[in-house]
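Have a look at the structure below before the remarks.
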């Protein structure tokens, strides 16, 4: 048995802590009888003490200490020529062995006490601490040691048994050995009584091949305060291999064994010499990645001259590896020296690769950490130097100077109360610690206050001709909006200054409401800012949050001023008819102050809490309908209605704007591709009938994408395309079947059917009123309505029925049809909700047509509200209804007299080909619709 000075010192310190006097004496004795490793050998391996720092600081703890017995049991085989092999590997290195501490032990021991090892097997020549928790086993080991026969058999448990035994594993008390990553194992033998022969042999849970080991020392540990369990730590020294033959005793377990010897080998064999040299070289590489393995190498060099023993070298190499238990057990079971060297070499190669990878990872981490630390220290030094030289001030001083520098040029235009607030906040910021939460709140507040454009107005162009040119180049039509903007510019020219206005554009989707807002800003030369309030339900989006809240911010209007940098931008508030309302407040009510010209000069944001002048801002709002806008808010707006486009207007828009953009998006700028006028008309009439042009834009892009696909395929096939023309017959191939059929259900309307006109979000459409009898001659005279009619339209039906019965008596005194017959009035397209009073004269005409069995005048459509006395009242949507009439092929239309002015304002393109009649009483309607033959 041998021990080095290093491990002896560690054991001595541990023994002193455990107050084990006999252990301390034994360790001191071992220490006195040890010596250092041969210098020449260590220098050859690069493991001399002077090279301790040559491999970096990234290390791993070694697992064991290598020792040797002096019994000379012949396990090394033939070693006659090993010196030459070693010399070739390491050169002519002189070695002087240390003073050997011998422990006499029998060369043959047929029965041994079995010590199961839950994890690592014990290699011959290896020292391993083992924790024992079985009191009977501890007592037996102490008794054997007192008799001088402390020899045991150490067997690795099989996997299932090892996992079970390790559950009670305690802490390793040998700090020195634990620091070198030696395995501490736990053994818990239940000390069960002898059982029948048929019972399973507990020794079967251990591998058959183990290690004959000497118990060098036993140290009692303090009793576990939790379980009351007593335990001790053994120090086992492996000597040679043995095979378990059977169980002799079970309490504690004694097994019959056979001591094994290595197979004979020729040390001069070239393969063994080469493998030995490679093992030594690999150990040398391993020392470079893990310098702490040098201690293990020193122990080996003390006891074996110049690595002349290949079997021991193989065991040493295996003990230095962190392989799993099965691989190490395989090395232990190999009796062939050549096979053992090969297996050890494979494990060492893997260990070297793991060490290199670990070293690389460690190096990268250390470089990053050291680089960050170096950069941090340099930055701190730089700050200190600049501060001493007066080149840099602290963050708080720099912030105050920044805010002051930003605010002073605006002080003259900032209101006095606001300037006072800013000065107070600057003074407050100077007295706050940068680490306090109030410091950040004050800093953010000053950031907003000093960033606003107090009194800073952007340049604007009050040039009517320039504005007209810009508006016409961006949009076709929309004359009402353009005229209103030109009026705004004209007033500004005459007054020399402009005031803020609130203009609301109402119209169906896709007519250009949003885009015209940007064109207005371009025409005026002002900054543009847009935000949508559709679905907004939090009033803080308009008025801002209180500064007491975490993450508080001003509202959208204050953000707009900071973003644009001027106090007179054009602000587009999109989808104002879709404002929400929730528990956070009512944004529509918050807009009352914002959109009131009398109040927005002192708009108060919750975050800023100082008045802000918004009177120079031009607000442009957009909406699809006015019904959902609250009355007080609508009262503050100047409404401009945008109607849908007729077919001719859509053609012009498509040719002038949309088609060119679609070609460029599809990459067809240099390709000869076009759509014929007939195809364009059909595309608009049968595919894109909505009031706007957004759907038309999508269809044009789809057509040109199909053309782009054809061009790309032709280029791939090296085919030449002269030109591509899309005609009417090609539309199905490009955009599919038309979704809209003709509006006309009847070519010739029968009695009881009349064509009406309706306004929809799509612009306008024709609406058929159908009436038929369900019962006759029973005197009921009831009326039933269907077609998903709203309450107002149902009331119009009732009024029409009542009025028609009296009117029929005047025109046809003997006709009792309406009095005796139950009627059913239906409005087709039953899935579409319908409401409004404008179908009054249409329903009345339908009832009279059925009662008198007379069809209405061909190609006639009408709209108007009817009273009980027969008066016809004005309705809305004249332009949309007129467009719908033209699209359906109507030639004659009837409007209320009150809508004559609206009709006269329509362009000639819309009125062309229509014969309009304006009526004030139903009698005039009757003459045009049912008595037209007599009047003509």
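Yeah, the Cβs are placed from backbone N, Cα and C, and that goes for glycine too.
In Swiss-Prot this protein carries:
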type	residues	note
ACT_SITE	838	active site
ACT_SITE	881	active site
BINDING	507, 508, 509, 510, 511, 512, 513, 514	ATP binding site
COMPBIAS	66-95	compositional bias 'Low complexity'
DOMAIN	112-352	domain 'Lon N-terminal'
REGION	65-95	region 'Disordered'
TRANSIT	1-40	transit peptide
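Positions of Swiss-Prot features highlighted on the structure.
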residue	record	DSSP class
507	ATP binding site	coil
512	ATP binding site	coil
838	active site	coil
881	active site	helix
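Cβ neighbours within 10 Å of residue 507 (ATP binding site), excluding its own Cβ and spanning all shown chains: 25. Spacing of residue 514 (ATP binding site) relative to residue 838 (active site) is 30 Å (Cα to Cα, whole number). Closest in space to residue 881 (active site), of the recorded positions given as 511, 512, 513, 838, is 838, taking the CA atom of each residue.
When the alpha carbons of residue 507 (ATP binding site) and residue 838 (active site) are compared, the span between them is 19 angstrom.
Surrounding the centroid of the Cβ atoms of 507, 508, 509, 510, 511, 512, 513, 514, where the record places ATP, the chain contributes additional residues within 8 Å, namely 622, 624, 642, 691, 692, 694. Each residue contributes its Cα atom, and for residue 509 (ATP binding site) and residue 838 (active site) these two points are 23 Å apart. Of all the recorded positions listed (513, 881), 513 has the fewest other CB atoms within 10 A of its CB. Within the same chain, the residues at least 6 positions away from residue 838 (active site) whose Cβ sits under 8 Å from its Cβ are 756, 757, 758, 759, 863, 864, 865, 875, 876, 877, listed in sequence order. Under 8 Å, Cβ to Cβ, and six or more positions away along its own chain, residue 511 (ATP binding site) finds 478, 642, 643, 644, 645, 691, 692, 693.
Counted within 10 Å of its Cβ, the other Cβ atoms near residue 514 (ATP binding site) come to 17, all protein chains included.
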